[in-house]
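Asks: Okay, so Swiss-Prot annotates it like this:
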- His89: active site, proton donor (ACT_SITE)
- Phe22, Ala57, Tyr58, Glu59, Ser81, Val82, Ile83, Phe114: 5-amino-6-(D-ribitylamino)uracil binding site (BINDING)
- Gly86, Thr87, Arg128: (2S)-2-hydroxy-3-oxobutyl phosphate binding site (BINDING)
Amino acid sequence: MNVIEGAIAAPNAKIAIVIARFNSFINESLLAGALDALKRQGQVSDDNITVVRCPGAYELPLVAQQVAKSDRYDAIVALGSVIRGGTPHFDYVAGECNKGLAQVALEYNTPVAFGVLTVDSIEQAIERAGTKAGNKGAEAALSALEMVNVLSQIES
């Protein structure tokens, strides 16, 4: 029986991080976690990491699509945060962001790791951006590296 599993180390991987500016006080912590994981655990050099900023989570899929279309990156890490408010806006933004990023991954055969927090409160966002609940940016970055290695093994 053959088992394909992806390692986390991917020193030659070219990674694009697309990050929303809206809720930047949360997103910058996600970015710090992602960069730390890529460099320390994934052994990816600074030269192989590109950070692309966009206005908000709703814009992440279009930016990710253009990054994937460039065919210069092995994986994309999408980072942002959508915090529930008193209107249905949260549902629209979170849903379309999720759907759009998944579509990019399938359309361009490029791993797109979902590091977008969809939370009910600012406290939950803070917990998931590096305090009680770990750093979801770091988790997304490691997921992207693992997918690069899994797909590489499948293709070889």
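Backbone N, Cα and C define each Cβ position, glycine as well.
Tell me about the setting of these features in this model.
Replies: Long-range neighbours of His89 (active site, proton donor) (same chain, six or more residues apart, CB within less than 8 Å of its CB): none.
DSSP assigns Ala57 (5-amino-6-(D-ribitylamino)uracil binding site) to a helical segment in the three-state reduction.
Cβ neighbours of Gly86 ((2S)-2-hydroxy-3-oxobutyl phosphate binding site) (same chain, under 8 Å, six or more residues apart in sequence): none.
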Asks: Which of the three DSSP states, helix, strand or coil, fits Ile83 (5-amino-6-(D-ribitylamino)uracil binding site)?
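Replies: Reduced to three states, the DSSP call for Ile83 (5-amino-6-(D-ribitylamino)uracil binding site) is strand.
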Asks: When you look at Phe22, Ala57, Tyr58, Glu59, Ser81, Val82, Ile83, Phe114, which the record names as binding 5-amino-6-(D-ribitylamino)uracil, what is the longest CA to CA distance in angstrom?
Replies: 16
